[in-house]
Amino acid sequence: MTGPFKVLIVEDEKPAREVFKQMIAQENACFELVGEAVNGKRGLELCKELQPHFLITDITMPVMSGIELLQELKQLDQDMPETIILSCHKDFHFAQKAIELGASSYLIKEDCLVQETLLTETLKNFIPRISKREEDRQKLEAAERNQNAGQPEEGLDQASPLNTIMMNVIGQLKADLAVSISLEDMAAKVGYSIPYFSSLFKKTTGQTYTQYMMSMRIQAAKRLLLTTDLRTFQIAEQVGMENYRHFNKIFKRMVCMSPKEFRQSHHPLSSSYRQESP
């Protein structure tokens, strides 16, 4: 993808907004300004409608802040735009929070107003990521067309390169059950963007990455409850869930009984396991 890339500006201060608009206009071969908003709430509406490649947003605004806007964007079922957060604060806490929520970069607004090319050069740094995401999307669409043209809809077609990769991923997850491998890390391992990998994984397994991991862990825990005398906290650790209370909560939600109740229901008279609190 060569552009122009769609840019949305969310900035409540009109003088600054006008300067940023002019900067984008001067780079019209690369960027196209598709919208502007004066607060995060309107910015969220425009993100849903326009699906920009880039979002430039102030962090402190009325109605909805830039941080709140990022939080809302993460909940949407669409690609997150490459987001540049602007702030008057030289505060690491703000920067850290923005990056945690998916912002691509954090810039001081005054620096952008003084250094004429800082903003657009920062945007250009993320063009390869957008191009890679678009390439991955095209691959996924092509794979879906092939499947609709006659490939099996159920199960994994081992002859498919995409499904071979997914089989390897699932094999690794099962082999390293006690190790928490994040979606981001696994996507990086196979060389796919996070949105593409997440979509492909769900199409292959019928579950999200997190749901699949949790399902495997609970199944493994059930086996250990029936075949060992390990205590529940030990089983939780072996299946990669070190938070004992969280493990109990998830187990009960998925199995409709606590680990202790599950073990007792299958071995009501057995003394081969230790009694413990649910």
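Placement of Cβ uses the backbone N, Cα and C atoms for every residue, glycine included.
A quick note: this is a predicted structure, and the numbers were derived from the prediction, not measured.
Listed in TrEMBL for this protein:
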type	residues	note
DOMAIN	6-124	domain 'Response regulatory'
DOMAIN	167-265	domain 'HTH araC/xylS-type'
MOD_RES	D58	4-aspartylphosphate
REGION	137-158	region 'Disordered'
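Within the same chain, residues at least six positions away from D58 (4-aspartylphosphate) with a Cβ under 8 Å of its Cβ are V10, E11, D12, E13, A16, G66, L86, S87, K109. When averaged over the domain 'HTH araC/xylS-type' (167-265), pLDDT in the model lands at 87. In the three-state DSSP scheme, D58 (4-aspartylphosphate) is classed as strand.
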